[in-house]
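Everything below concerns the one structure shown next.
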């Protein structure tokens, strides 16, 4: 695999040890804005967390609207760790920029204010909100997804992951909240704060190839007994709007929930336990618990295929309206991990309980919620019978009409983040 270099990093790979102003500052080709907060008028704050917020802003000279993500890195106990994570997210976004990836939000610039202790990202404003809130609204309105609609959205997720993985990146936090809906109704994969650059792109069975092994030194949970409401939970399972969990719409999710400190039960997470050891390769404990692959939970080597486990969990929820590994709003993170560890029996029970579902959907769920060595990658998934009738070339070129297209009144319309 060729080393992936970014414009501001001439002689190194992504993820340096201690980012500073010189290496954090970035500006995309053709962007006319300046690298300072005074160049932007804040229109609205659409989300906030314990150490960050997301605003909609208008750049003063061009009058263009953007999403601005702010991370207050002095608000946490391990400042350098936050800096590393912030730069990792920035680097993943720049890689997507360089590849002209239309399935990721474009990063226009990033800069740091060391005096105030703030990281800034100026990004494309994805105005349709997050996929989780859209799913919840549909369920509230009694509009269950048809299999054709599910097929469309899962196919778009496959394409999002295929592109991301082709750059040698793992996402590691694939969930409905981190999928955005653009103005045309297509899915965009966001929040790269948990992303990881792989060692190389070789390997069989869809794996990247070599993976590093380090001791498990962290736990995702804020505490073993902490109560967690699934981001897709309503009653005994199902979709819940993102802004019910401490953030408005997708502001705390698709534009970067992890790096804003949002927790599922409105309790700020233990930042050190959440982010410790962010650069240790494939055994670091990163991701949203109910979507984490079993190999991640168990702390063994993992690859890009961990993202397809998450895809399988999302597919199950779209088909059934139920969260696969979350039994109730009182389910603890520790219990979720236990459920994932016992996934074979739980999956069989859940599938039987939620019949009828098509054989094709059940088959794809079972292929994704499976041991890593048997799990398909994007090229294999695209051949699955579930996607019969899908024209992948047309999908890749955004030529297939989405089931839903946002109705927007202006370039700064934030209605999908407040309703």
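Placement of Cβ uses the backbone N, Cα and C atoms for every residue, glycine included.
Going through 32, 69, 83, 84 against Swiss-Prot, the one listed in the ATP site together with 46, 47, 48, 49, 50, 51, 52, 53, 54 turns out to be 69.
Separation of the C-alpha atoms of residue 46 (ATP binding site) and residue 173 (active site, proton acceptor): 21 Å, rounded to the nearest whole number. Residue 52 (ATP binding site) sits 19 Å from residue 173 (active site, proton acceptor), taking the C-alpha atoms as the reference points. Around the Cβ of residue 50 (ATP binding site), a 10 Å sphere holds 17 further Cβ atoms from the protein chains shown.
Residue counts for the domain 'AGC-kinase C-terminal' (388-419) under DSSP (helix as H, G, I; strand as E, B; rest coil) come to 8 helix, 0 strand, 24 coil. Here the Cα atom of residue 50 (ATP binding site) is found 19 Å from that of residue 173 (active site, proton acceptor). Residue 48 (ATP binding site) sits 19 Å from residue 173 (active site, proton acceptor), taking the C-alpha atoms as the reference points.
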